[in-house]
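Participant: In case it's useful when we look at the structure, here is the feature table from Swiss-Prot:
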- 220-233: compositional bias 'Polar residues' (COMPBIAS)
- 330-340: compositional bias 'Basic and acidic residues' (COMPBIAS)
- 348-357: compositional bias 'Basic and acidic residues' (COMPBIAS)
- 271-317: domain 'G-patch' (DOMAIN)
- 74-110: region 'Disordered' (REGION)
- 211-233: region 'Disordered' (REGION)
- 251-271: region 'Disordered' (REGION)
- 330-357: region 'Disordered' (REGION)
- 124-155: repeat 'ANK 1' (REPEAT)
Amino acid sequence: MVGSLACHILALPSLHFLVSLTGMSRPSFIEFTPAADSSDLWKDGQQQPQQEKAEPVLDGAAARAFYEALIADDSSSSKPQRAEPMRERKKKRRRVTREPAAAGVPRQGRALEDEDRMAQWILLAAQNGDLTELRRLLEPQEAGGAGGNINARDAFWWTPLMCAARAGQGAAVRYLLGRGAAWVGVCDLGGRDAAQLAEEAGFPEVARMVRESHGETRSPENQNRSTPSSSQFCEDCGAHFEDSNHHTSTAHLLSLSRRPQPSNLPLGVPTSSPGFRLLLRGGWEPGMGLGPRGEGRANPIPTILKRDQEGLGYRSPPQPRVTHFAARDTRAVSGRERVPRVATLSQRENRRQEEKGRAWERDLRLYMNLEF
């Protein structure tokens, strides 16, 4: 009876559609894969910590076997291998060429650091008068020395000769001058040479030694080594000379001292300025011209203070005025007196005539109203 009822229900078309729709909309369940490791399981809402694996302890036999295998691999790798492709060889060559180029800058920096360190050692040895250390640092590398620069300078432009002269080390000064240390025109940042530094420190004999070092006397070996040269004429000394060191000789320097002394004109430039120091370092004397023989302009170049807003060439050029004034000089900001224009003068004259006419009329009316 139940089976026949079910057959009648399924025979209805609408009920058959509902049954098929219900079967299609039934949700599909997700099948979860159980955890294979017990450490991944969650218990009581918390994940269980993983068990750390104990690292194997390397005993002596294992270490010996490892090194023997490593040596065997090195010996086997020394066997000739097959030729690499051309592309791989080009890549390796390009990589090797690029690496030294990238390492060029640090090498240059290291070279500069070594040069500065060598200069500091030479200056210290000259100041202490250590001739043994000076010979070791200044002798060429072919002779077993370090090959240092005898005219090396520090940040304050001090040379080894300046340090030795300032410290009064006569033996070191004589050795440096004998090796050809330069001092003519070589000044520090304050414009002082080695002779002046020795005089300031109270060593006049060292200063005299420095000034007389470039005389015309020569040692016998230098006389035999010198070759005859053509005679030349010196305009400063007014005589002919054949010595190549004539311009640094005592006679030439004395003839230069007979020149007209520089004038004491104020330049308006402090002696501590970098430009003044550069001129002194180049051999310039204060007050003399800027030419090689002390000729040329000695005063500042006249300039013009442009105080208006007119274009260039609008009016006649004003008189040049030197702008190198001293401190707190009121002439630097003083201007010319204002000159009124013609239109301004005519307006003032008209107002004056009108005021005069009103005064005459006022006096006339006052006179006519008087009773005698």
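Just so you know, glycine gets a Cβ as well, placed from its N, Cα and C.
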Participant: What does DSSP give as the helix, strand and coil breakdown of the compositional bias 'Basic and acidic residues' (348-357)?
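Facilitator: Per DSSP, the residues of the compositional bias 'Basic and acidic residues' (348-357) fall into 10 helix, 0 strand, 0 coil.
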Participant: When the repeat 'ANK 1' (124-155) is classified with DSSP, how many of its residues are helical, how many are strand and how many are coil?
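Facilitator: For the repeat 'ANK 1' (124-155), the helix, strand and coil counts are 16 helix, 0 strand, 16 coil.
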Participant: When the compositional bias 'Basic and acidic residues' (330-340) is classified with DSSP, how many of its residues are helical, how many are strand and how many are coil?
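Facilitator: Final tally across the stretch: 3 helix, 0 strand, 8 coil.
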